[in-house]
Amino acid sequence: MMLRKKTKQLISSILILVLLLSLFPTALAAEGNTREDNFKHLLGNDNVKRPSEAGALQLQEVDGQMTLVDQHGEKIQLRGMSTHGLQWFPEILNDNAYKALANDWESNMIRLAMYVGENGYASNPELIKSRVIKGIDLAIENDMYVIVDWHVHAPGDPRDPVYAGAEDFFRDIAALYPNNPHIIYELANEPSSNNNGGAGIPNNEEGWNAVKEYADPIVEMLRDSGNADDNIIIVGSPNWSQRPDLAADNPIDDHHTMYTVHFYTGSHAASTESYPPETPNSERGNVMSNTRYALENGVAVFATEWGTSQANGDGGPYFDEADVWIEFLNENNISWANWSLTNKNEVSGAFTPFELGKSNATSLDPGPDQVWVPEELSLSGEYVRARIKGVNYEPIDRTKYTKVLWDFNDGTKQGFGVNGDSPVEDVVIENEAGALKLSGLDASNDVSEGNYWANARLSADGWGKSVDILGAEKLTMDVIVDEPTTVSIAAIPQGPSANWVNPNRAIKVEPTNFVPLEDKFKAELTITSADSPSLEAIAMHAENNNINNIILFVGTEGADVIYLDNIKVIGTEVEIPVVHDPKGEAVLPSVFEDGTRQGWDWAGESGVKTALTIEEANGSNALSWEFGYPEVKPSDNWATAPRLDFWKSDLVRGENDYVTFDFYLDPVRATEGAMNINLVFQPPTNGYWVQAPKTYTINFDELEEPNQVNGLYHYEVKINVRDITNIQDDTLLRNMMIIFADVESDFAGRVFVDNVRFEGAATTEPVEPEPVDPGEETPPVDEKEAKTEQKEAEKEEKEE
């Protein structure tokens, strides 16, 4: 009770602060300065030329530095975006998206990230290749260069058998597009020590020699084929393409080969200098310095992937650091592609992701207008768009929102009628052409500020809906008339927290406020919370912010008929703090009997971040949360998934074979689809990702009563970790994630997790039963009681 009271007080304080802040405009930067004023190369894009102008690309030495030039020998810089994995996000391959990137973003390049492992090309070569071909064709049609990226990622050795199809793939693409100047071939995205699914390579000259051993024959094949005589080829470098310096020490013998640098501004610091002569490669540790070294030693560099987050895709965004990096790239005419064109819930994604109760995922098809509006872009996407265009970064105010309450587009009155207490009764209300038509207003003609009581009243008693308007500051509506006139409206929004609060005044629109609208005239009428205290009472209430009705007092000056449309609220988003139970220390097995979460938290990419609390399930404490899968499904079913994360410094598999836990469901709705439970570890030695190959599936259309325990559906989840073959028993796993993915389901409700633990293989040796006195009745085993007793004993041991 005390926690709930404190939470209410905190929410009330936040609401008051929001109201106060809304009274003052956002302060402009001091003296009108912008962040770009401190740099020389962030603004402008004169060198960002299109294929129709620049033609075939080539490498030349300009001002003592190898760089990319156009067919005329003039500098050219490619700026654009990389797709995410085409096996996961193929929806970006559409003409509307490409036109948005080419025209609105002013990109002159796109990178097609064709993963080979991780269910990519090696698993389904024909399908994935067809997507690459579609992406190439769209780029050519939209006058953009296109990087065909053979996305070496997991495993990190490009010589691994999973990548055996590289030479054939590039031969086929070159044959389809012989000597096409639009196409750039990227042979190895990120060679690294990542041994997830195969071998990795070291971060030294031995690692570069491995990359070179792989790349040399492909470069030779492309040149000898007659289909890629002069196309630019890009080759990755060790340590996730952070070592172009190693390539500069021993470059590939080819006239048009460049080398990659990849960086993430939250992980890779800038540097103003290279290295002293004769610095051993083992002492070259800064990514920007490695790039400077490569340029100084005669090779050309291309930043084919960079992000505004940390290297794992989360944290940030780090825009100040990004400005320093982009300044460096632009100053040195280094082309760049940002990661990535995805609505995945990661900071580096360009589009708004799905987050439960907060946002829906932006469609990767922007629609026929071929523009993603700023609200559809993530913070990173909005920033990168400005940097591609070379314009000032002016972020929108993302705290403002608009919610349409009544739009009348369905052809109905949406619950509106003449209010029972209206002093003017002969008003006819109907839907005409998608607006609410009010007729018979001749007798409702007081347009003064305070005498609205004499006017006609209408209300939405039959609406039957409820909308949360937390933080609302204004109520607006379109007033449509045959001829400009004066219309006066007062409003009483209603909801559980405010049934009736008299308006302070009526608000009017006058003839000069109207503008032509086809054969009529339209004005927008705005009622503030100061005009309608009821609006403020609902919007700023600490517990209930729902509106479920509205009473409007309508007066006109000589107009018998008016129309109302698009009744909506405008306000400021209020971030209500999520109150979790204490995190506690990371403990495995996790039994939660100490009242803490024992180290469990939401992963950064989790699509659900509701309150994690300790609740009772089957007689003992369990980690619990509420959520629901959305009706409109994103393309990535992990985007909406709750992702539990558990970090422990000494976390290893040991001799265990399974991760097991008790999982309980208390559904409000669960009639179709399934929940797919995945297990992931993030060991640094394996590229921060290993995934159990098998999952645990709960089919919601097969929920059975026998699975119920004390009103909850109970599942003993067991996921095999012995099948993860590329880790050892003593591999430091760092952290464990449990991911509850949506499979076309309608689940909504509360879930519980308990007794999370490693477990060995089940013992199969028979156990001899003890003899039982025939005169005694053997009591049945109460599993619930036994489990509770076990936990109490464990708790007592800890206390001792």
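Every residue gets a Cβ built from N, Cα and C, even glycine.
According to Swiss-Prot, the protein has these features:
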type	residues	note
SIGNAL	1-30	signal peptide
ACT_SITE	E190	active site, proton donor
ACT_SITE	E305	active site, nucleophile
REGION	761-800	region 'Disordered'
COMPBIAS	767-780	compositional bias 'Acidic residues'
COMPBIAS	781-800	compositional bias 'Basic and acidic residues'
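Annotated pair the residue listed as 'active site, nucleophile' and E190 (active site, proton donor), C-alpha to C-alpha distance, rounded: 10 Å. Secondary structure from DSSP puts the residue listed as 'active site, nucleophile' in a beta strand. Between the candidate active-site residues, E190, E305, the densest Cβ environment within 10 Å is the one around E305. In three-state terms derived from DSSP, the residue listed as 'active site, proton donor' belongs to neither a helical nor a strand segment and is classed as coil.
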